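K.L.:
Here's a structure for you.
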Amino acid sequence: MAKLTVKDVDLKGKKVLVRVDFNVPLKDGVITNDNRITAALPTIKYIIEQGGRAILFSHLGRVKEEADKAGKSLAPVAADLAAKLGQDVVFPGVTRGAELEAAINALEDGQVLLVENTRYEDVDGKKESKNDPELGKYWASLGDGIFVNDAFGTAHRAHASNVGISANVEKAVAGFLLENEIAYIQEAVETPERPFVAILGGSKVSDKIGVIENLLEKADKVLIGGGMTYTFYKAQGIEIGNSLVEEDKLDVAKALLEKANGKLILPVDSKEANAFAGYTEVRDTEGEAVSEGFLGLDIGPKSIAKFDEALTGAKTVVWNGPMGVFENPDFQTGTIGVMDAIVKQPGVKSIIGGGDSAAAAINLGRADKFSWISTGGGASMELLEGKVLPGLAALTEK
């Protein structure tokens with residue numbers, strides 16, 4: 001990577017500002033999935049082991065007005081992080097002001113402080129989300145000229161807590177997580193070991209147009225599953241019953257199929273049901289067509305076999321988006337089948353692009369079989385699309 005990383009700077013005795021991604025799910029104040037906290041530990045531990053004083057910034061959920069602050073405090077995260085680090089985490093519970101400044105100035109080498117949810121600053125004019133220059137400058141002033149960005153999940157956003165701080169420090173560097181995310185995803189797309197197969201699922205073609213276009217140029221094959229299958233089907237005149245379709249994207253789907261030169265591989269059958277919820281009948285279709293009064297909710301057994309064949313011998317696989325409504329056991333067979341087809345390839349570099357695919361791999365017990373699972377759905381999508389991420393662009397060049 002052509003950007004400075006945390007290993008390129010002297011941290012001893014320095015107040016080091018760190019953007020992490022602690023945007024974790026909370027239920028009644030309890031963290032229900034701590035993966036993002038765990039993912040940030042190597043960078044935090046490195047900073048404190050080097051004698052730095054880690055000052056952490058993160059958002060949590062969306063905060064638009066004062067009432068939204070309830071249930072969006074990072075207090076439970078501070079407690080969880082302290083337990084994981086085996087040391088106290090200072091948590092002043094504010095995003096600015098004398099109390100925060102005093103707590104930061106009282107830090108000793110090897111200590112950790114967590115600033116309150118950066119999006120609390122969005123209540124007054126969206127200062128965080130709109131990258132207010134004064135806020136970025138203020139937060140930068142709390143440190144000693146070093147900023148570590150380890151929040152891949154927000155790298156596609158230009159916020160005060162990443163791009164804003166970067167613009168006001170001497171050195172803005174990548175943390176280990178950000179470095180790994182970029183290395184795995186960018187290298188897979190730009191310099192893959194071939195054959196390179198991309199698998200795209202999810203419900204909407206509109207979410208993935210740019211990704212499909214970019215991957216058709218880079219990959220050897222692009223497999224399509226999930227709800228967007230039916231927009232591609234309808235574009236070819238195939239009956240789709242009551243399946244999800246984006247009528248305004250039929251021309252786009254048709255154009256992608258024409259451009260693909262046979263690289264785009266669609267399912268050849270579906271698992272269909274007579275309703276999305278409260279269905280009384282589930283069955284496999286004979287071929288591509290979905291029956292009248294039914295909707296396709298997963299790829300069928302013939303498609304799983306076809307995708308398995310398409311993946312044979314693959315050396316690089318990037319997967320983004322489930323094959324069906326995997327949260328429902330009746331419609332998770334396709335996602336499981338594709339996951340198993342990926343991970344059984346000898347010597348394959350397998351990457352999951354965050355979001356629902358990551359949730360599927362974790363929930364269905366296959367997370368440890370993949371080379372890399374991205375922590376950022378939106379950011380990984382933009383990398384797959386070939387876009388420049390603002391949070392990455394703002395870092396100091398080597």
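Every residue gets a Cβ built from N, Cα and C, even glycine.
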K.L.:
According to Swiss-Prot, D21, F22, N23, H59, L60, G61, R62, R119, R157 bind substrate; which one of R36, R53 is annotated to that same site?
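P.N.:
Among R36, R53, only R36 appears alongside D21, F22, N23, H59, L60, G61, R62, R119, R157 as substrate-binding in Swiss-Prot.
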K.L.:
Quick check for the class: what is the C-alpha distance, in angstrom and rounded, between D21 (substrate binding site) and E327 (ATP binding site)?
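P.N.:
Roughly 25 Å, rounded to the nearest whole number.
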K.L.:
I want to check the contact list for R119 (substrate binding site): same chain, sequence separation of six or more, C-beta distance under 8 angstroms. What comes out?
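P.N.:
The answer is H59, L60, G61, R62, V63, K72, E128, S129.
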K.L.:
Where does G355 (ATP binding site) sit in the DSSP three-state scheme?
P.N.:
helix
K.L.:
Please give the maximum pairwise Cα distance, in Å and rounded to a whole number, for the substrate-binding set D21, F22, N23, R36, H59, L60, G61, R62, R119, R157.
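P.N.:
The two farthest binding residues have Cα atoms 18 Å apart.
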